[in-house]
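Per TrEMBL, ATP binding site is recorded for 152-156, Arg255, 311-315, 337-342. Annotated domain 'Phosphagen kinase N-terminal' per TrEMBL: 35-122, in sequence order. Residues or ranges marked as domain 'Phosphagen kinase C-terminal' by TrEMBL: 149-381.
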Amino acid sequence: MWKVKPPIAFPMETRYRPILESLVPPDPMSRLHLRRFSADEEFPDLSRNSTWMARILTPAMYRRQFHRCTQSGVIFDDVIRPGLEEPGERPTPESVGCVAGDAQCYVLFCDFFDRVIEAHHQHEISGQAPEGDFNYDNLKGTCDFDSSYAVRCEASVVRGVEDFCFPTHCSRGERRQLLTLARRALLRLEEEELPGRFLPLEELDQEQQRELNLEPPSAYQLRIGTARDWPDARAVWVSKDGSLVVWVNMDDHLRLVSTRDDGNIVEAFKCVCINLQKLEGFYRELRHPFTWKQQLGWVSSSPADVGTGLRIRVHLRLQHLPGHKRLQDVLRRLRVCMHATTESPALYCVSNAATFGRSEVGLTQLVVDGVKLLVAMEKRLEDGRDIDELVPTQKCGGRSQLVTWKSSGAA
């Protein structure tokens, strides 16, 4: 009952994907009449750029993408623009540095996107459709965290809606139609015994926005086009019991978030799973299903969210472990990320490093196991003991080691 089967396969896309990848469409690119020089003359300066985009993109790859354009008008320079606006800091690339303007980008520019996805998620793309699993009962072992360390947790998931461009490229009319669809689907959700309020951003005053922890769009969001016409056609839906928040047309078409002021990640995950599947059904009835690609799973604007679109976050109070010399090695082996929060110097957010390569339950289990181990290490350090014997053996998420993309992409 709970095992999620992938949507109906798109055999034509799978069969002709190699052809689409090498296709140079004469239309609509021929109608754009862009005033550009040759691909070599237009190639960007990536010498001080540490994003995955810059690590992977070569002049040869840029030339292959240069004359391509999706049916909605997305060209390759639109794809790499985020990485050029925010080049990141060396030596570790934390940002993918690229964005899809529409779902067709993942097919037309797959020569580039597939390599970014594999590098970022550390998992090789195969011909098999990713398998989903929303059954929270499949989580193994006890998932409760020590309340002395785990102070808050959150489960969130993003979805794109079929037949609409993604936020960096969509028109005002598309955005407004997406808002109408969301309103209708969320009204159905309210009828399914989860009452809530639909709040258009343009109707909220500053006090209401503060209550919702809503911040104005960043300069980066404005530069890449995500926040165009803000706050037009943006909204937030909040359940009456506070268990679920749905963001509409913010950084993605839809983002479902369940936050708890404790460490009960199972309840947060359960809330997202149940309501996401209900919304998926409502959108299908409206003839606008969520966007799925055969080899990638669920896709939205960022390749960092392909596969499941799921993020599991746990806020931990840690005093000793953040300064330990082996911490980064431990995090890599656990396949989780950890960063400081602005709330407290000793409060850190731990989350899954990837969304692709494992099922929803698998990703949640990975974070649960990782958090438990980090807390066990913190306790040892509090007692003045060593943590070396707790360091896990290396686990690989698909490829044990990535190839040097610069050399492989130059062919």
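We count from 1, first residue shown onward.
Cβ from N, Cα, C; glycine included.
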Cβ neighbours of Arg311 (ATP binding site) where a neighbour is any other Cβ within 10 Å: 21
The domain 'Phosphagen kinase N-terminal' (35-122) [mean pLDDT, rounded to integer]: 91
Lowest local Cβ density (other Cβ within 10 Å) among binding-site residues: Arg152, Ala155, Val314, Met338, Thr341: Thr341
Counts of helix, strand and coil residues, the domain 'Phosphagen kinase N-terminal' (35-122), according to DSSP: 43 helix, 2 strand, 43 coil
